[in-house]
Amino acid sequence: MSKNYHIAVLPGDGIGPEVMTQALKVLDAVRNRFAMRITTSHYDVGGAAIDNHGQPLPPATVEGCEQADAVLFGSVGGPKWEHLPPDQQPERGALLPLRKHFKLFSNLRPAKLYQGLEAFCPLRADIAANGFDILCVRELTGGIYFGQPKGREGSGQYEKAFDTEVYHRFEIERIARIAFESARKRRHKVTSIDKANVLQSSILWREIVNEIATEYPDIELAHMYIDNATMQLIKDPSQFDVLLCSNLFGDILSDECAMITGSMGMLPSASLNEQGFGLYEPAGGSAPDIAGKNIANPIAQILSLALLLRYSLDADDAASAIERAINRALEEGIRTGDLARGAAAVSTDEMGDIIARYVAEGV
(Lines of atoms letter the chains of each structure in order from A and count residues from 1; the text may use other names and numbers.)
(Lines give C-alpha, C1' and ligand atoms only; values in the text may rest on other atoms or scores of the structure.)
Protein backbone atom coordinates (compact mmCIF):
# COMPACT_ATOMS: atom_id res chain seq x y z
CA MET A 1 0.00 0.00 0.00
CA SER A 2 1.45 3.37 -1.01
CA LYS A 3 -1.07 5.78 0.51
CA ASN A 4 -0.15 7.73 3.62
CA TYR A 5 -2.57 7.49 6.54
CA HIS A 6 -2.79 9.47 9.74
CA ILE A 7 -4.52 8.39 12.96
CA ALA A 8 -5.49 10.68 15.83
CA VAL A 9 -4.81 8.83 19.09
CA LEU A 10 -6.87 9.87 22.13
CA PRO A 11 -5.87 7.64 25.09
CA GLY A 12 -8.08 9.36 27.66
CA ASP A 13 -8.39 8.30 31.30
CA GLY A 14 -8.22 5.28 33.59
CA ILE A 15 -6.91 2.24 31.77
CA GLY A 16 -7.09 4.11 28.45
CA PRO A 17 -3.39 5.01 28.20
CA GLU A 18 -2.28 1.49 29.21
CA VAL A 19 -4.39 -0.38 26.69
CA MET A 20 -3.71 2.23 23.99
CA THR A 21 0.02 1.55 24.38
CA GLN A 22 -0.65 -2.09 23.51
CA ALA A 23 -2.73 -1.18 20.46
CA LEU A 24 0.12 1.00 19.20
CA LYS A 25 2.57 -1.90 19.64
CA VAL A 26 0.29 -3.91 17.38
CA LEU A 27 0.06 -1.00 14.92
CA ASP A 28 3.87 -1.01 14.69
CA ALA A 29 3.77 -4.70 13.82
CA VAL A 30 1.11 -4.04 11.17
CA ARG A 31 3.13 -1.20 9.66
CA ASN A 32 6.21 -3.36 9.34
CA ARG A 33 4.52 -6.50 8.08
CA PHE A 34 2.24 -4.84 5.52
CA ALA A 35 4.53 -1.91 4.59
CA MET A 36 1.78 0.55 5.49
CA ARG A 37 2.62 4.22 5.92
CA ILE A 38 0.66 5.21 9.01
CA THR A 39 1.53 8.11 11.28
CA THR A 40 -0.08 8.97 14.62
CA SER A 41 -0.57 12.06 16.76
CA HIS A 42 -1.65 12.03 20.41
CA TYR A 43 -4.23 14.40 21.88
CA ASP A 44 -5.74 14.91 25.32
CA VAL A 45 -9.41 14.09 25.86
CA GLY A 46 -11.76 13.58 28.79
CA GLY A 47 -10.47 13.97 32.32
CA ALA A 48 -6.87 14.27 31.14
CA ALA A 49 -7.91 17.23 29.00
CA ILE A 50 -9.80 18.81 31.90
CA ASP A 51 -6.66 18.57 34.03
CA ASN A 52 -4.36 19.93 31.33
CA HIS A 53 -6.59 22.35 29.42
CA GLY A 54 -9.63 23.03 31.59
CA GLN A 55 -12.12 21.33 29.26
CA PRO A 56 -12.85 17.73 28.21
CA LEU A 57 -12.56 18.36 24.46
CA PRO A 58 -10.01 21.09 23.66
CA PRO A 59 -10.10 22.78 20.23
CA ALA A 60 -6.65 21.35 19.46
CA THR A 61 -8.01 17.83 19.90
CA VAL A 62 -10.93 18.48 17.55
CA GLU A 63 -8.58 20.04 15.00
CA GLY A 64 -6.23 17.08 15.24
CA CYS A 65 -9.09 14.68 14.63
CA GLU A 66 -10.22 16.73 11.62
CA GLN A 67 -6.78 16.30 10.06
CA ALA A 68 -6.75 12.53 10.59
CA ASP A 69 -8.17 9.64 8.57
CA ALA A 70 -9.62 8.07 11.73
CA VAL A 71 -9.66 8.41 15.52
CA LEU A 72 -8.47 5.69 17.89
CA PHE A 73 -10.14 6.48 21.20
CA GLY A 74 -9.34 5.00 24.61
CA SER A 75 -11.79 5.65 27.44
CA VAL A 76 -12.81 8.63 29.52
CA GLY A 77 -14.18 9.36 32.96
CA GLY A 78 -13.59 8.56 36.60
CA PRO A 79 -14.50 9.61 40.15
CA LYS A 80 -12.09 12.55 40.04
CA TRP A 81 -14.39 14.48 37.70
CA GLU A 82 -17.83 13.37 38.91
CA HIS A 83 -18.32 16.60 40.91
CA LEU A 84 -18.43 18.64 37.69
CA PRO A 85 -21.72 19.63 36.01
CA PRO A 86 -22.90 16.75 33.77
CA ASP A 87 -22.16 18.51 30.47
CA GLN A 88 -18.60 19.22 31.64
CA GLN A 89 -17.82 15.68 32.75
CA PRO A 90 -15.52 13.61 30.52
CA GLU A 91 -18.16 11.34 29.00
CA ARG A 92 -20.78 13.91 28.00
CA GLY A 93 -18.28 16.68 27.40
CA ALA A 94 -15.97 14.74 25.08
CA LEU A 95 -17.39 11.66 23.42
CA LEU A 96 -20.87 12.95 22.58
CA PRO A 97 -19.59 16.23 21.07
CA LEU A 98 -17.08 14.28 18.97
CA ARG A 99 -19.85 12.08 17.60
CA LYS A 100 -21.95 15.14 16.79
CA HIS A 101 -19.09 17.14 15.25
CA PHE A 102 -18.14 14.37 12.84
CA LYS A 103 -21.76 13.33 12.12
CA LEU A 104 -21.13 9.74 13.21
CA PHE A 105 -24.50 8.18 12.41
CA SER A 106 -23.67 4.48 12.59
CA ASN A 107 -22.36 2.35 15.44
CA LEU A 108 -20.81 -1.06 14.79
CA ARG A 109 -20.32 -3.39 17.74
CA PRO A 110 -18.97 -6.89 17.14
CA ALA A 111 -19.76 -9.55 19.73
CA LYS A 112 -17.84 -12.79 19.38
CA LEU A 113 -17.49 -15.80 21.64
CA TYR A 114 -13.88 -16.87 21.27
CA GLN A 115 -12.82 -20.49 21.33
CA GLY A 116 -11.67 -21.36 24.83
CA LEU A 117 -13.85 -18.72 26.49
CA GLU A 118 -17.12 -20.63 26.36
CA ALA A 119 -17.16 -20.94 30.15
CA PHE A 120 -17.61 -17.17 30.43
CA CYS A 121 -20.77 -17.22 28.33
CA PRO A 122 -23.87 -17.09 30.59
CA LEU A 123 -25.88 -19.19 28.15
CA ARG A 124 -26.34 -22.96 28.42
CA ALA A 125 -23.20 -24.94 27.64
CA ASP A 126 -24.72 -26.59 24.57
CA ILE A 127 -25.60 -23.16 23.13
CA ALA A 128 -22.21 -21.67 23.94
CA ALA A 129 -20.51 -24.66 22.31
CA ASN A 130 -21.84 -23.48 18.93
CA GLY A 131 -20.11 -20.13 19.33
CA PHE A 132 -21.26 -16.90 17.71
CA ASP A 133 -19.84 -13.95 15.81
CA ILE A 134 -22.33 -11.09 15.53
CA LEU A 135 -22.00 -7.52 14.28
CA CYS A 136 -24.66 -5.16 15.61
CA VAL A 137 -25.12 -2.17 13.29
CA ARG A 138 -27.02 0.57 15.13
CA GLU A 139 -28.34 3.86 13.76
CA LEU A 140 -27.08 6.59 16.12
CA THR A 141 -28.65 9.95 15.25
CA GLY A 142 -32.35 9.33 14.58
CA GLY A 143 -35.25 7.58 16.25
CA ILE A 144 -36.98 8.15 19.54
CA TYR A 145 -33.96 9.61 21.33
CA PHE A 146 -33.96 12.66 19.05
CA GLY A 147 -37.48 12.83 17.55
CA GLN A 148 -39.70 15.82 18.22
CA PRO A 149 -41.98 16.59 19.94
CA LYS A 150 -40.84 15.27 23.29
CA GLY A 151 -41.55 16.53 26.77
CA ARG A 152 -43.90 16.58 29.75
CA GLU A 153 -47.07 18.54 30.36
CA GLY A 154 -50.22 18.65 32.44
CA SER A 155 -50.66 18.02 36.13
CA GLY A 156 -52.37 15.68 38.54
CA GLN A 157 -54.01 12.65 36.96
CA TYR A 158 -53.58 14.25 33.53
CA GLU A 159 -49.81 14.70 33.76
CA LYS A 160 -48.13 12.99 30.82
CA ALA A 161 -44.78 12.51 29.14
CA PHE A 162 -44.15 11.82 25.47
CA ASP A 163 -41.38 10.95 23.01
CA THR A 164 -41.59 10.64 19.24
CA GLU A 165 -40.03 7.96 17.05
CA VAL A 166 -39.08 9.63 13.77
CA TYR A 167 -37.06 8.18 10.89
CA HIS A 168 -36.42 9.77 7.52
CA ARG A 169 -35.80 7.78 4.36
CA PHE A 170 -32.20 8.98 4.05
CA GLU A 171 -31.41 7.86 7.60
CA ILE A 172 -32.67 4.34 6.97
CA GLU A 173 -31.02 4.06 3.56
CA ARG A 174 -27.55 4.99 4.77
CA ILE A 175 -27.56 2.73 7.84
CA ALA A 176 -28.91 -0.15 5.74
CA ARG A 177 -26.05 0.25 3.28
CA ILE A 178 -23.56 0.13 6.15
CA ALA A 179 -25.09 -3.17 7.27
CA PHE A 180 -25.09 -4.73 3.80
CA GLU A 181 -21.53 -3.59 3.06
CA SER A 182 -20.44 -5.02 6.41
CA ALA A 183 -22.12 -8.33 5.60
CA ARG A 184 -20.04 -8.53 2.41
CA LYS A 185 -16.92 -8.57 4.60
CA ARG A 186 -18.43 -11.29 6.79
CA ARG A 187 -20.89 -14.16 6.19
CA HIS A 188 -23.31 -12.43 3.81
CA LYS A 189 -26.41 -12.30 6.02
CA VAL A 190 -28.34 -9.31 7.41
CA THR A 191 -31.16 -9.59 9.93
CA SER A 192 -33.11 -6.34 10.14
CA ILE A 193 -34.80 -5.69 13.48
CA ASP A 194 -38.09 -3.79 13.68
CA LYS A 195 -41.62 -3.75 15.10
CA ALA A 196 -43.42 -3.49 11.79
CA ASN A 197 -46.54 -5.19 13.14
CA VAL A 198 -47.22 -2.11 15.31
CA LEU A 199 -45.06 0.95 14.50
CA GLN A 200 -45.33 3.14 11.40
CA SER A 201 -41.63 3.98 11.67
CA SER A 202 -40.84 0.26 11.54
CA ILE A 203 -43.10 -0.26 8.52
CA LEU A 204 -41.12 2.39 6.66
CA TRP A 205 -37.88 0.88 7.98
CA ARG A 206 -38.77 -2.56 6.58
CA GLU A 207 -39.90 -1.16 3.22
CA ILE A 208 -36.68 0.78 2.70
CA VAL A 209 -34.44 -2.06 3.88
CA ASN A 210 -36.14 -4.31 1.31
CA GLU A 211 -35.44 -1.69 -1.38
CA ILE A 212 -31.77 -1.41 -0.45
CA ALA A 213 -31.48 -5.20 -0.39
CA THR A 214 -32.08 -5.29 -4.16
CA GLU A 215 -28.69 -3.56 -4.55
CA TYR A 216 -27.05 -6.49 -2.73
CA PRO A 217 -28.27 -9.71 -4.38
CA ASP A 218 -25.38 -11.61 -2.79
CA ILE A 219 -26.62 -10.84 0.74
CA GLU A 220 -29.33 -12.87 2.47
CA LEU A 221 -31.88 -10.64 4.20
CA ALA A 222 -34.24 -11.62 7.02
CA HIS A 223 -36.58 -9.48 9.12
CA MET A 224 -37.27 -10.08 12.80
CA TYR A 225 -39.41 -8.32 15.38
CA ILE A 226 -37.45 -6.88 18.31
CA ASP A 227 -39.23 -9.01 20.92
CA ASN A 228 -38.44 -12.20 19.02
CA ALA A 229 -34.85 -11.05 18.40
CA THR A 230 -34.16 -10.67 22.12
CA MET A 231 -35.34 -14.25 22.61
CA GLN A 232 -33.49 -15.68 19.62
CA LEU A 233 -30.21 -14.17 20.84
CA ILE A 234 -30.56 -16.27 23.97
CA LYS A 235 -31.87 -19.36 22.22
CA ASP A 236 -29.35 -19.54 19.35
CA PRO A 237 -27.03 -16.57 18.78
CA SER A 238 -25.09 -18.53 16.16
CA GLN A 239 -27.92 -17.94 13.66
CA PHE A 240 -27.00 -14.24 13.34
CA ASP A 241 -24.33 -12.49 11.29
CA VAL A 242 -25.16 -8.77 10.95
CA LEU A 243 -28.00 -7.22 12.97
CA LEU A 244 -29.41 -4.00 11.47
CA CYS A 245 -31.11 -1.90 14.15
CA SER A 246 -32.70 1.46 14.81
CA ASN A 247 -31.28 3.59 17.60
CA LEU A 248 -33.51 2.25 20.38
CA PHE A 249 -33.49 -1.40 19.30
CA GLY A 250 -29.74 -1.30 18.67
CA ASP A 251 -29.16 0.18 22.11
CA ILE A 252 -30.92 -2.82 23.62
CA LEU A 253 -29.55 -5.59 21.40
CA SER A 254 -25.92 -4.43 21.33
CA ASP A 255 -25.80 -4.64 25.12
CA GLU A 256 -27.46 -8.05 25.07
CA CYS A 257 -24.89 -9.24 22.52
CA ALA A 258 -22.11 -7.89 24.73
CA MET A 259 -23.46 -9.61 27.82
CA ILE A 260 -23.59 -13.08 26.29
CA THR A 261 -19.89 -12.95 25.36
CA GLY A 262 -19.06 -12.84 29.07
CA SER A 263 -16.28 -10.23 28.89
CA MET A 264 -16.56 -6.51 28.10
CA GLY A 265 -12.76 -6.46 27.89
CA MET A 266 -13.03 -8.20 24.52
CA LEU A 267 -15.48 -5.89 22.76
CA PRO A 268 -14.56 -3.08 20.34
CA SER A 269 -16.84 -0.45 18.84
CA ALA A 270 -16.83 1.75 15.74
CA SER A 271 -18.83 4.88 14.93
CA LEU A 272 -18.78 6.00 11.28
CA ASN A 273 -19.96 8.88 9.13
CA GLU A 274 -20.95 8.90 5.46
CA GLN A 275 -17.38 9.59 4.33
CA GLY A 276 -16.02 6.50 6.09
CA PHE A 277 -14.37 8.56 8.82
CA GLY A 278 -14.65 6.72 12.10
CA LEU A 279 -14.07 6.83 15.83
CA TYR A 280 -12.95 3.48 17.24
CA GLU A 281 -13.05 2.62 20.93
CA PRO A 282 -13.47 -0.25 23.40
CA ALA A 283 -17.07 -0.87 24.43
CA GLY A 284 -16.13 -0.96 28.12
CA GLY A 285 -15.30 1.94 30.43
CA SER A 286 -12.20 3.53 31.90
CA ALA A 287 -12.07 1.10 34.88
CA PRO A 288 -10.31 3.54 37.24
CA ASP A 289 -10.19 0.89 39.97
CA ILE A 290 -7.56 -1.09 38.04
CA ALA A 291 -5.82 1.79 36.25
CA GLY A 292 -2.05 1.80 36.55
CA LYS A 293 -1.85 -1.80 37.78
CA ASN A 294 -0.87 -3.35 34.43
CA ILE A 295 -3.70 -5.90 34.68
CA ALA A 296 -6.31 -4.51 32.26
CA ASN A 297 -7.30 -6.54 29.22
CA PRO A 298 -6.08 -4.65 26.11
CA ILE A 299 -7.85 -6.85 23.56
CA ALA A 300 -10.88 -4.57 23.09
CA GLN A 301 -8.56 -1.66 22.29
CA ILE A 302 -6.51 -3.80 19.91
CA LEU A 303 -9.67 -5.03 18.20
CA SER A 304 -10.76 -1.39 17.88
CA LEU A 305 -7.57 -0.85 15.89
CA ALA A 306 -8.52 -3.82 13.69
CA LEU A 307 -11.91 -2.23 13.01
CA LEU A 308 -10.19 1.05 12.14
CA LEU A 309 -7.95 -0.69 9.64
CA ARG A 310 -10.90 -2.50 8.07
CA TYR A 311 -13.48 0.27 7.86
CA SER A 312 -11.54 3.54 7.58
CA LEU A 313 -8.28 2.45 5.92
CA ASP A 314 -9.74 -0.44 3.86
CA ALA A 315 -6.91 -2.67 5.08
CA ASP A 316 -8.81 -5.90 5.56
CA ASP A 317 -5.69 -8.09 5.42
CA ALA A 318 -4.11 -6.18 8.29
CA ALA A 319 -7.32 -6.30 10.33
CA SER A 320 -7.61 -10.04 9.80
CA ALA A 321 -3.98 -10.51 10.84
CA ILE A 322 -4.72 -8.85 14.18
CA GLU A 323 -7.82 -10.98 14.70
CA ARG A 324 -5.89 -14.17 13.92
CA ALA A 325 -3.16 -13.17 16.37
CA ILE A 326 -5.73 -12.66 19.12
CA ASN A 327 -7.38 -15.99 18.32
CA ARG A 328 -3.99 -17.70 18.53
CA ALA A 329 -3.17 -16.15 21.90
CA LEU A 330 -6.51 -17.17 23.37
CA GLU A 331 -6.31 -20.69 21.93
CA GLU A 332 -2.94 -21.07 23.65
CA GLY A 333 -4.55 -20.19 26.98
CA ILE A 334 -2.96 -16.77 27.32
CA ARG A 335 -5.20 -14.69 29.56
CA THR A 336 -5.26 -11.40 31.42
CA GLY A 337 -6.68 -11.48 34.94
CA ASP A 338 -10.29 -10.87 33.93
CA LEU A 339 -10.25 -14.15 31.99
CA ALA A 340 -7.86 -16.25 34.08
CA ARG A 341 -10.27 -17.61 36.74
CA GLY A 342 -7.49 -18.56 39.12
CA ALA A 343 -5.03 -19.68 36.45
CA ALA A 344 -1.81 -17.84 35.68
CA ALA A 345 -2.46 -14.44 34.12
CA VAL A 346 -0.31 -12.24 31.92
CA SER A 347 -0.03 -8.49 32.36
CA THR A 348 -1.43 -5.83 30.05
CA ASP A 349 2.05 -5.27 28.61
CA GLU A 350 2.68 -8.98 28.11
CA MET A 351 -0.60 -9.50 26.27
CA GLY A 352 0.22 -6.60 23.96
CA ASP A 353 3.71 -7.98 23.31
CA ILE A 354 2.36 -11.44 22.48
CA ILE A 355 -0.30 -10.21 20.07
CA ALA A 356 2.15 -7.85 18.35
CA ARG A 357 4.63 -10.69 17.95
CA TYR A 358 2.00 -12.98 16.46
CA VAL A 359 1.00 -10.27 13.97
CA ALA A 360 4.65 -9.84 12.99
CA GLU A 361 5.08 -13.60 12.58
CA GLY A 362 1.94 -13.93 10.47
CA VAL A 363 0.28 -16.64 12.53
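Backbone N, Cα and C atoms are what each Cβ position is placed from, and that goes for glycine too.
Site annotation (Swiss-Prot): substrate is bound by ARG99, ARG138, ASP227, and the candidate from ARG92, ARG109 recorded at this site is ARG109.
When the neighbouring Cβ atoms lying within 10 Å are counted for each of the binding-site residues (GLU82, ASP227, ASP251), the highest count belongs to ASP251.
Same-chain residues at least 6 positions away in sequence with a Cβ under 8 Å from that of ALA291 (NAD(+) binding site) are, in sequence order, ASP13, GLY14, ILE15, GLU18, GLY78. A coil conformation is recorded for GLU82 (NAD(+) binding site) in the three-state DSSP classification, outside any helix or strand.
A 10 Å cutoff on Cβ-Cβ distances gives ARG99 (substrate binding site) a total of 17 other Cβ atoms nearby, all chains included. Summary for the binding-site residues ALA287, ILE295: the Cβ-based neighbour count within 10 Å is maximal at ALA287.
A simple Cβ count within 10 Å picks out one of the binding-site residues GLY78, ARG109, ARG138, ASP255 as the most packed, and that one is ARG138.
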